[in-house]
């Protein structure tokens with residue numbers, strides 16, 4: 001019997017209901033617009049305002065760029081699928097989406113850890129902050145995030161790309177998911193699955209430990225602030241950051257650390273939607289745009305632009 005190689009995959013998407021698809025299309029359009037608007041605003045304001053030329057905003061600017069590229073790997077394709085009801089994606093397109101999604105997603109975990117370390121130094125070691133977080137070290141930290149992510153994700157991704165796919169070609173997801181791709185391969189993928197699990201354990205729990213220790217030290221330091229107003233203000237910022245981190249990590253851990261479900265489950269898609277869309281939509285507004293310094297800089301830039309247009 002002749003084996004027919006798969007040339008495309010069918011992504012079932014988030015739902016089978018056309019009414020829900022229309023609702024999800026509208027929600028994703030709004031979410032993607034907010035992601036782009038929030039992150040482009042963060043990038044622009046931190047570049048043009050001299051008061052925001054600090055390590056914290058350097059990391060936030062890179063994080064904003066990362067969020068734009070990460071969400072752009074799958075949201076436009078998902079929107080096109082919801083609008084046209086076209087569920088197919090080519091084999092090369094699927095591999096490219098998988099590679100970019102998991103590479104940029106891995107970078108996100110390392111950037112969150114880097115930002116938490118920056119906040120730890122700023123709050124717990126304020127006298128040494130400018131010495132430790134100098135421009136050279138910040139650049140090295142950001143480059144390390146990108147480089148380590150590439151080194152971790154490249155070997156298993158190349159192995160997956162070289163796998164044979166003979167059918168079926170139906171994937172119960174809204175993007176090309178690694179675990180589902182492995183299930184669809186017509187050869188033994190045991191070694192790759194074990195390698196992927198090791199990589200994911202290094203990425204998710206590894207960065208979570210750094211983030212948890214940093215925020216733990218920050219909370220202890222905040223508790224020792226003599227002023228109740230100062231403690232309240234610090235906890236307000238810290239609690240917002242922790243909320244986003246908890247959602248991001250809890251959904252990611254449950255989705256990728258537990259054993260993969262054959263064929264994909266609806267809960268997997270919901271969890272993936274939360275950490276890949278909802279948290280990305282919240283991040284620029286939680287981390288940056290609610291910051292008083294950013295608000296003042298944004299207000300000043302808007303007033304300056306308005307005066308130029310008016311004059």
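The backbone N, Cα and C atoms fix where each Cβ goes, and this holds for glycine too.
Residues annotated as transmembrane segment in TrEMBL: 22-48 (among others).
The domain 'G-protein coupled receptors family 1 profile' annotation in TrEMBL covers 38-287.
Annotation source TrEMBL lists transmembrane segment at 60-83 (among others). For the transmembrane segment (60-83), same-chain residues at least 6 beyond its ends with a Cβ under 8 Å from one of its own Cβ atoms are 11, 13-14, 21-22, 24-25, 28-29, 31-32, 35-36, 38-40, 42-43, 46-47, 89, 97, 100-101, 104-105, 107-108, 111-112, 115, 142, 174-175, 276-277, 280, 283-284, 287-288.
For the transmembrane segment (95-117), the list of distant contacts is 56, 59-60, 62-63, 66-67, 69-70, 73-74, 77, 89, 141-142, 144-146, 148-150, 152-153, 157, 160-161, 175-178, 181, 203-204, 207, 210-211, 214-215, 241, 245, 248, 252, 276, 287: same-chain residues at least six beyond its ends, Cβ to Cβ under 8 Å. Among the features that TrEMBL reports, transmembrane segment is placed at 95-117 (among others).
Listed by sequence, the residues of this chain that lie at least six past the ends of the transmembrane segment (137-161) yet keep a Cβ under 8 A from its Cβ atoms are 55, 58-59, 62, 95, 98-99, 102-103, 106-107, 110-111, 114, 117, 178, 181-182, 185, 192, 195-196, 199, 202-203. Residues or ranges marked as transmembrane segment in TrEMBL: 137-161 (among others).
Taken from TrEMBL, the feature transmembrane segment covers 195-223 (among others). Panel annotation: around the transmembrane segment (195-223), residues 106, 109-110, 112-113, 116-117, 119-120, 123-124, 152-153, 155-156, 159, 178-179, 182, 231, 234-235, 238, 241-242, 245, 249, 252-253, 256-257 of the same chain, lying at least six beyond its termini, place a Cβ under 8 Å from a Cβ of the stretch.
What TrEMBL records for 235-257 (among others) is transmembrane segment. Listed as Cβ neighbours of the transmembrane segment (235-257) (distance under 8 Å, sequence separation of 6 or more from its ends, same chain) are residues 109, 112, 116, 119, 179, 197, 200-201, 204-205, 208, 211, 215, 218-219, 222, 268, 271-272, 274-275, 278-279, 282-283, 286-287, 290-291.
Taken from TrEMBL, the feature transmembrane segment covers 269-289 (among others). Long-range contacts of the transmembrane segment (269-289) within its own chain (CB-CB distance under 8 A, at least 6 residues past either end) are made by residues 14, 28, 31, 34-35, 38-39, 41-42, 57, 60, 63-64, 67, 70-71, 74-75, 101, 105, 115, 172-175, 177, 240-241, 243-244, 247-248, 251-252, 254-255, 295, 298.
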